[in-house]
Each structure stands twice: as structure tokens, then as C-alpha cells.
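Shown next, in C-alpha cells, is the structure this report addresses.
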Amino acid sequence: MNYRSDIQVIRGLAVILVVLFHLGFNSIKSGFLGVDIFFVISGFLMAVLYDKNDIPKFYLRRAKRLLPAYYATIFVTLIFAYLFTTPNETAQVNTQAKYAVAFASNLGFWAQNSYFSTTDFNPLLHLWSLGVEMQFYLIVPLLYWVFSKNKFMFLLILVGSLISCFVVVGVSPKTSFFMLPFRLWEFLIGYGAAYYFTNQGNVKLTNYRWLGLIGLIVVCIIPLFSVNGEALSAIDGHPGLFALLVTLATASVLVFGIPSFIEKSVISRVLERIGKYSYSIYLAHFPIIVIYLSKPFSGTNLTIPTLMDGVIIVVLMVLTSAALYYFFEHKKLKISVTKLIVGSSVSLVLLAMILPIIQNKFYSQEELLIFGAFSDRSTYRCGKLIRVLEPRAISCDLTPETDNPEQKVMLVGNSHSDSIKTSFVKVSEAHQSKLFFMVSNTPLMKGDIGAKGVVDEAISKGIDKLVLHFSPSAISNETIDEVILHSKQAGIKLYFIEPVPVWQEHIPISMYNAINGGNNPTEKQTKLDYLKKNSSQINFVRNAEQNSITSLPVVDYFCKPNCLYASSEGKPFYFDSGHLTITGSEQLKEIFDTILLD
């Protein structure tokens, strides 16, 4: 393939969209679609560059271009995270680095939260796309062989991947987002564009460059629309209809090219130059933004406070991108690829193991206990796989190892029930009981499964006892009344664990700031304050008892009479302002015992 400046132009455009989106430009509402553009370009180039007669050479060329800068990014991010963040954040970067070394960043982040969640500290989040891309490279020879045997298979796999992507995005958007099988269609659109519509990557339909221009315009316009990356819909979710439009528009540029007057314009020249550095820019930009803006316990902060901060970030990105390009991406590799992969992988894993040990030496035991609050929490709901393997599941069994149970209990509630389930499981197992849990994070709340649906699910599982636990006022008294009615008709015992005390302040942050010269959490709560705040629901349930529901007070476990937010050793009871850590939830063991022994 001859050099094509239009490919560099669209690369430059793609990386600008991604960077501006991460910098928080309000007009670039869906700049993450730049990654979809990269996937199409990668598929296009694989169709051109793949040589079936020399597969090792194909992989060596890919590795020499991509891996030096890739490993350098991971290494520098680890070092700077160690220097400028707390052990809480460093631990998360270490995990991300280990996945990245295995070219499996997409799998690691899939097991965490969605791409659009800022709960966790993720300076290496952007490497998810390179994980997908490298996994695609691994299957290129297999795809080429399949397509060469049966041309119909190309269309079958492309359409199959597209349809499955659109179906799965309606169940688990992050699965469609992070997993190669549901992204494969984007690569194959590029692959097909090169294989079927170009002359070894060179434009052959030269009279239709205006179609390429239309595609370029679409690529510029679509990211200005708002795409909800967490929507359960292929229409307005992602990857969905908008991703399809962008990939087809990108393919039209690759197939038809763009008019020469556009290609030779000043803007195109600038974009072409940026496209040349696009890989290094992509690698450098996100760790710089996230680490520069990092705050303890604040996850991934992408809010730039001042114009000067924005200028500093951009300057750092330019300098770092240039360094990556000239010293790693563009520089000739002087060692073998095998030595590069093995040496870098071993070094990075060792670094990820050693840095926390060194870093912890600079913090007091009191501070380390506070940092531990982030990891001292239950895993999310029923696990990550259930929405994919059992998309219709309403509940899950949290105690699969318990055979011949004496009783079956189902815990129902929002995120507050999620935070107590790990301790509840331990007590249930000790009592030879099974504990089931709702898959949804909002059962009995507006727009989700209702009272009859919950009780019907309990009946289908043979549940003996139903336990409700929600954050304050998350469930209405009317809904509780409905659950009482249906559970009574079904002969299922009903329990209500009263809401735990919640705070206005983020407890670990306040505790950490207090150690470092700030004030202790300024908000004070007493048992009386708690009872006043929650009196409406507590009184409603207690008055409704009459053998139909058992209300279980929690206040005495936390307020004696002043409400506590940490143990006597200094371990936080909360990992934010209202969700219990496992340490906090263990204060409720007597309540779990009461339910199981009743």
C-alpha cells in the first residue's frame, strides 16, 4: 500500500476526539467514538499488512511498533502513581498494570465497572482498547484462513458479531463495550473495506471521493451528539447505532479517500501530523490527566479546576507524547521482541509488587487502616458473569457450597444491602443456610421489579425468609405494605433490617484529612438524631409487625449514644458517606444470627 495521508488525517481526528472528551470539552459529548474509528483503521490495515506466508514477520512488525511505547507507558504510570498518589490509588494501578502486561486490560476493567464510571482510580483505563486490538491481532491468521476457505463466513461473522453486540448491550453494556467478540464487527468492517473495495489498501474507486468526504463529515458530527454509554439499548447506547454509523463513515473514507483539495488543506496537514503521533498521544494523555487531577479516595477525577491546570496538562501531554514517539515508538528496537516482552513483563510485575511495600513505609498504621477501607468492601451484587450467562436471572445463590440447607433466605435491597451481604453470607454458611440475593441494584424501587415479582421469585427458589434492607427512604412505606401482603399470602417470613446511619461527609476522606491537619468529620450524630431522621419508616414497620414483618433495629450497634464511623482500632465502618465496609457490616452479625435462628 502506498502512503495515504487521509488515513493519518482520520487517525488524527480520532485521537483528538478521545483527548477532548477526556479533557471534559462539553461540545464533544461522545468523543469516545474515536476508539471505534481506530478499530476500523486497524481492521483495514490488517487486511493489507497480513502476510500468510510469513506470519512471524507480521507479528514482529506489530510488536516492534506497539510494544516499546506501551510498556514505557505502564512503567512511567506506575512510578508517578507511586510518587503522587496514596497507597489506595497505587494498589489499583498495580492491578491495572498486571492486566496490561497480559494484554488483557479490557478483561480487568470489565470485571470492575463500566468505562464511564469514575468510582475507581483508573489511569490505565485507556489501555482497554489496546487489549482488544492485540487480541484481534492474535486471531487475524485464523480469520484469514476461515475467510479464504469460505467467503460467506466473512459476512456471517461480521453480522453475527454486530447482532450479538446489539443484543448484549441491552443486557450488559460494559460486556459489549469491553469484549472482543462484540467489537469484532468494527474490525471486520475495516478488514472488508480493504479486502473487497481497495487495491491492496490503495483507493481504486477514485471517482467517488465525495463519498469519502461525506464519511469524514459524519465522523466529525456524530461525536457531537450525546450517546449514553450505560443505556440498555442499541439505539442510544454504546456500542450501538451511533458506533455503527461512525464505523461505516470511517470505512467510506478508507475506501474512497477524500477530495484532493481537502487532503491538501492546512487543517488536513495539521491532522495528518497529529495522526503521525496518534498512538503516542493516545498512550500518554489519560495517565497524565488522571494522575494530575488525583485526590485520595476520589476515583478517576476528570474535572479540570482552572484554565492554568488545563494548560499544564496539555503541555505535559505534548512533551510526553513526543518523548514516547521519538524514544520508543519511532526508535529502532535493539533487542529481540522476545526479550522485550519477557523482560518488560517481569520487570513491571516486580515493580507492581515492590512499590506498595516501599510506599507503605511512608505512612502510619492509622493512615493505612483508612486506605484499607477502599478494598474492605463486598464484590458487586451477584458477580460480573451472571448478566451475560444468565441474562434473565432475577436472583442468585451466594452460598453455592452449602448443600442440604436447613433454610433458604433471600436478601432484597439496593446498594446498602450489597454492602452487608458478605458478612451475611459468612453467618449463613455457619448456620448451614442458603442466602440468595437480587441481581438488580434497585428492586422494589420505581421502574424495577415490584413486590409481587420479588415474592414470586422467592417462591420459585423455595425461600423461607425474606430480608429487606435499604438506604434511608429508598423504599416507600406503600411498597413495604405490598411486600407484607404478598409474603404473608405465600407463607414467607418477612424481616426488615432498619437503615444504617449515613453521613454528609465521605468518611475515609474526612479521617485522612484529620490526620493530616484537617478536622475530624464535623458532622456529629447521636442515637436520637438517627431515630428522628428515620422515624417515619421505622415507626411504620414497627407498627405493622403483628407477626407479618419483624423489624430489626441497627442503631444500638453504631450509636452508643454517639454514632461511630470507625472501630476503636481506627478501621472505617464506611467506604464513602453511607455504604458499610465489611468491617462495618460485621457489626450486624447479631442481627443476621437473629434472623437465621428465628
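Keep in mind that glycine also has a Cβ here, set from the backbone N, Cα and C atoms.
Bear in mind that TrEMBL entries carry predicted annotations, made automatically and left uncurated.
Annotated in TrEMBL:
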type	residues	note
DOMAIN	6-325	domain 'Acyltransferase 3'
TRANSMEM	7-25	transmembrane segment
TRANSMEM	31-50	transmembrane segment
TRANSMEM	66-84	transmembrane segment
TRANSMEM	125-145	transmembrane segment
TRANSMEM	152-171	transmembrane segment
TRANSMEM	177-198	transmembrane segment
TRANSMEM	210-229	transmembrane segment
TRANSMEM	241-262	transmembrane segment
TRANSMEM	274-294	transmembrane segment
TRANSMEM	306-328	transmembrane segment
TRANSMEM	340-358	transmembrane segment
DOMAIN	395-593	domain 'SGNH'
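The transmembrane segment (31-50) makes no contact with the transmembrane segment (66-84), as judged by fewer than three Cβ pairs under 8 Å among residues 6 or more apart in sequence. Summed and averaged per residue, pLDDT over the domain 'SGNH' (395-593) gives 91. Touching of the transmembrane segment (125-145) and the transmembrane segment (177-198) is concluded from the presence of at least three CB pairs under 8 A, sequence neighbours closer than 6 excluded. Counting Cβ pairs closer than 8 Å to the transmembrane segment (7-25), the top stretch among 152-171, 241-262, 274-294, 306-328 is 274-294.
Here the transmembrane segment (306-328) has Cβ contacts under 8 Å with residues 19, 23, 68-69, 72-73, 76, 277, 279-281, 283-285, 288-289, 292-293 of the same chain, all six or more residues outside its ends. The highest tally of CB pairs under 8 A with the transmembrane segment (241-262), across 66-84, 152-171, 177-198, 210-229, is held by 210-229. Among the stretches 66-84, 152-171, 177-198, 210-229, the one making the largest number of Cβ pairs under 8 Å with the transmembrane segment (340-358) is 66-84. Below 8 angstroms of C-beta separation, residues 36, 39-48, 106-107, 109-110, 114-115, 128, 132, 135-136, 143, 147, 154, 157-159, 161-162, 164-165, 168-169, 204-205, 229, 238-239, 243, 247-248, 250-251, 254-255 of the same chain, each at least six residues beyond the ends of the transmembrane segment (177-198), sit close to that stretch.
If you look at the transmembrane segment (152-171), the same-chain residues 6 or more away from its ends with a CB under 8 A from one of its CBs are 143, 146, 177, 181-185, 188-189, 191-192, 232-234, 237-240, 244, 387-388, 391.
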